[in-house]
Amino acid sequence: MSGHRNLKRRCGESHLESPAGCAHGPAAACVLSKLVQLPTPPLSKHQLKRLEEHKYQSAGRSLLEPLMQGYWEWLVGKVPAWIAPNLITIIGLLINIFTTLLLVYYCPTATEQAPPWAYIACACGLFIYQSLDTIDGKQARRTNSSTPLGELFDHGCDSLSTVFVVLGTCIAVQLGTNPDWMFFCCFAGTFMFYCAHWQTYVSGTLRFGIIDVTEVQIFIIIMHLLAVIGGPPFWQSLIPILNIQVKIFPALCTVAGTIFSCTNYFGVIFTGGVGKNGSTIAGTSVLSPFLHIGSVIALAAMIYKKSAVQLFEKHPCLYILTFGFVSAKITNKLVVAHMTKSEMHLHDTAFIGPALLFLDQYFNSFIDEYIVLWIALIFSLFDLLRYCVSVCNQIAAHLHIHVFRIKSSSTHSNHH
């Protein structure tokens, strides 16, 4: 979810396979490497220089963090010193994604009931991700392998995890029966994560509230366990006095959380940034990042409401994943803009997927919307992965480090 507080300047470690090594590797590996690499480096020399100078800054502490510190310290002590922090993060993310996809498989419309073990697996997957996402920073400091890449990698994984976590929660409470609520909850989650980094782009400091990521994740784990214990009858039962279904309660909590968080975020954003004349850390308008997330949500809402075949109602999981990948990419670009003190540009290949859906509807669904949704999903995922791999490779090459491996004799501290 929202870039874990225990990141603490953690940044990461290694080189994915780079195209430079193609001449010495198998032809298939060379083709694959080129396929997932952008044709031109995503970051300029000036951005890389400013990235080296970046310092991680955070403020605030959540309610459960002091209580969880003992467990996190114990857990990181069990991790071998040779395991890179980024490897810890990616393992947690993959587990989180896999367990959520189990629910997507059994509940494609978020109205079905999955086997009890699937909800338990999803709860465990989220807890594992939370634990590993927290200790990666501790592992980086413990092994003296903190670099700016790790901070970016951590936030990047969080941006993708957010999409799967909110989707898994909606499936657990069978919110697909209320598509408007499901749409709101999923996009509210990605919007709040984006806003957390938007205010960081403005102020230069990542702020945490008394109720933050850890608390929300524990609440979601409880939702999954309640799905095991109560099942559909529980979510469909009415809350006395309020006379609303129990499944609407988590949605109302999302509304309250969105209002509370956005009030804090926009309080920072509208107060003025640390740049010249109250601008962002990059000297740009404090409102400029809204164009990106605003475009994503506006396109998602228009396509949802204008679909003649009830595309979102019939395929909510595919729909949320498609726009979730788009949101994850623009969030990653916002984090990069913050860390490199550079401007965000609105034109981006991330919008191609949503644009295909929009144009298909404009021409009266010339192609089946379901087919176009799959095309948009695959393209958006590929576009996200291609950007992330390219950025990680470029930064790792620049800092002479590895993404998933700790160099035996390194001077990572030079890049703190």
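Each residue, glycine too, has its Cβ placed from N, Cα and C.
Summarising the annotation, Swiss-Prot assigns CDP-choline binding site to Asn86, Glu151 and lists similarity to another entry as the type of evidence. DSSP assigns Asn86 (CDP-choline binding site) to a helix.
For 89-108 (among others), the entry in Swiss-Prot reads transmembrane segment, with the evidence type similarity to another entry. If one looks beyond the transmembrane segment (89-108) by at least 6 residues along the same chain, the residues whose Cβ comes under 8 Å of a Cβ in the stretch are 12, 114-115, 118-119, 121-122, 124-126, 128-133, 136, 153-154, 157, 160-161, 164-165, 167-168, 171-172, 174, 176, 315, 317-318, 321, 404.
Marked as transmembrane segment by Swiss-Prot on the basis of similarity to another entry: 116-133 (among others).
In the three-state DSSP scheme, Asp154 (Mg(2+) 2 binding site) is classed as helix. Here Swiss-Prot flags Asp133, Asp154, Asp158 as Mg(2+) 2 binding site, drawing on similarity to another entry.
Annotation source Swiss-Prot lists Mg(2+) 1 binding site at Asp133, Asp154, citing similarity to another entry.
Secondary structure at Asn144 (N-linked glycosylation site), taken from DSSP and collapsed to helix, strand or coil, is coil. Around the Cβ of Asn144 (N-linked glycosylation site), a 10 Å sphere holds 12 further Cβ atoms from the protein chains shown. Per Swiss-Prot, N-linked glycosylation site is recorded for Asn144, and the stated evidence type is sequence analysis.
Marked as site 'Increases basicity of active site His' by Swiss-Prot on the basis of similarity to another entry: Glu151.
The active site, proton acceptor annotation in Swiss-Prot covers His155.
The list of residues near the transmembrane segment (156-176) in space but at least 6 beyond its ends in sequence, with Cβ under 8 angstroms from a Cβ of it, reads 1-4, 89-90, 92-93, 96-97, 99-101, 103-104, 107, 109-114, 119, 122, 126, 129, 133, 182, 185-186, 188-190, 193, 217, 220, 223-224, 226-227, 232, 235-236, 246-247, 250-251, 313, 316-317, 320-321, 324-325, 327-328, 331-332, 335, 384, 388. Marked as transmembrane segment by Swiss-Prot on the basis of similarity to another entry: 156-176 (among others).
The transmembrane segment annotation in Swiss-Prot covers 180-199 (among others).
Counting residues 6+ beyond its ends, the transmembrane segment (210-230) has Cβ neighbours under 8 Å at 1-5, 60, 62-65, 68, 114, 116, 119-120, 122-123, 126-127, 130, 165, 168-169, 172-173, 250, 253, 257, 260 in the same chain. The annotation transmembrane segment is assigned in Swiss-Prot to 210-230 (among others).
As annotated by Swiss-Prot, transmembrane segment applies to 246-267 (among others). Counting only same-chain residues 6+ beyond the ends of the transmembrane segment (246-267), those with a CB under 8 A from a CB of the stretch are 169, 173-175, 177-178, 181, 184-185, 188-189, 191-192, 195-196, 198-199, 207, 209, 211, 216, 219, 223, 234-239.
Here Swiss-Prot flags 286-306 (among others) as transmembrane segment, drawing on similarity to another entry.
Summarising the annotation, Swiss-Prot assigns transmembrane segment to 315-334 (among others) and lists similarity to another entry as the type of evidence. Long-range neighbours of the transmembrane segment (315-334) within the same chain, counting only residues 6 or more positions beyond its ends whose Cβ lies under 8 Å from a Cβ of the stretch, are 104, 107-110, 152, 155-156, 159-160, 162-164, 166-167, 170-171, 176, 179, 182-183, 186-187, 190, 193-194, 197-198, 201, 289, 292-293, 296, 299-300, 304, 344, 348, 350-351, 353-354, 370, 373-374, 376-377, 380-381, 383-384, 387-388, 391.
According to Swiss-Prot, the transmembrane segment annotation covers 349-363 (among others), on the basis of similarity to another entry.
Summarising the annotation, Swiss-Prot assigns transmembrane segment to 368-388 (among others) and lists similarity to another entry as the type of evidence.
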Just the number: how many Å between the Cα atoms of Asn86 (CDP-choline binding site) and Asp158 (Mg(2+) 2 binding site)?
12
How big is the gap, in Å, between the Cα of Asp154 (Mg(2+) 2 binding site) and that of Asn144 (N-linked glycosylation site), rounded to a whole number?
17
Should Asp133 (Mg(2+) 2 binding site) be counted as helix, strand, or coil on the basis of DSSP?
helix
Provide, as an integer number of angstrom, the distance between the C-alpha atoms of Asn144 (N-linked glycosylation site) and His155 (active site, proton acceptor).
20
